[in-house]
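A.B. asks: What follows is a single structure, and I will ask about it in a moment.
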Amino acid sequence: MAAPGERGRFHGGNLFFLPGGARSEMMDDLATDARGRGAGRRDAAASASTPAQAPTSDSPVAEDASRRRPCRACVDFKTWMRTQQKRDTKFREDCPPDREELGRHSWAVLHTLAAYYPDLPTPEQQQDMAQFIHLFSKFYPCEECAEDLRKRLCRNHPDTRTRACFTQWLCHLHNEVNRKLGKPDFDCSKVDERWRDGWKDGSCD
């Protein structure tokens, strides 16, 4: 141990540990200034008082943070726009879909697949379509939506025996989701008009 008057001095050959396990050896041959303080001690104090530099805009840390963006497929348009209020850029139509847009397009694809499904599918076609629906629920981009769909499929397995069975099964599944979201039911007797043949009034001709 050092004598009371010698606390803080490092003799030649003594070792001390720095953060990270690095070791540094202090030598006694440092020149002293007019007040008797070591130049090395003065330099250490000066460097300790220098504030740490914040990451610049072109630093890897800042660049990595700028790339992190919320999941558009997981939120609706209004929520997404609230996160973009500080941006001056105008909304473009060719941006990634938000949760509502993704849902609309996904249901359109599923209903159209059902509308053109074979009237009397083979056993292999029945199995393939049922498997497709289950795989769709596993890879759907909105995880909350996908989890909800998987739970519904466990309770209500896809009915792919015929085209009529499949279109009605999908329509009732869609209505279950609509009710959860507070949306009105769709008239399932009109699935062919909506997704294959067009409305009887000729408005789609």
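Cβ atoms here come from the backbone N, Cα and C positions, even for glycine.
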A.B. asks: In Swiss-Prot, C171 is paired in a disulfide bond with which of C142, C145, C188?
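C.D. replies: So the cysteine that Swiss-Prot bonds to C171 would be C188.
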A.B. asks: How big is the Cα-to-Cα gap, in Å, between C171 (disulfide bond) and W107 (FAD binding site)?
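C.D. replies: The Cα atom of C171 (disulfide bond) is 10 Å away from the Cα atom of W107 (FAD binding site).
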A.B. asks: Tell me the Cβ contacts of E176 (FAD binding site) under 8 Å, same chain only and six or more apart in sequence, or just say none.
C.D. replies: R152
A.B. asks: In Å, rounded, how far does the Cα of K180 (FAD binding site) sit from the Cα of C188 (disulfide bond)?
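C.D. replies: Pair distance, Cα basis, whole Å: 17 Å.
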A.B. asks: Which residue, of the disulfide-bonded residues C142, C171, C188, has its CB surrounded by the fewest other CB atoms within 10 A?
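C.D. replies: Comparing Cβ neighbours within 10 Å for the disulfide-bonded residues C142, C171, C188, C188 has the fewest.
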A.B. asks: Measure from the Cβ of K180 (FAD binding site) and count the other Cβ atoms within 10 Å, all protein chains considered.
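C.D. replies: Other Cβ atoms found within 10 Å: 10.
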A.B. asks: Between the Cα atoms of C142 (disulfide bond) and R99 (FAD binding site), what distance do you get, rounded to the nearest Å?
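C.D. replies: For C142 (disulfide bond) versus R99 (FAD binding site), the Cα atoms are 7 Å apart.
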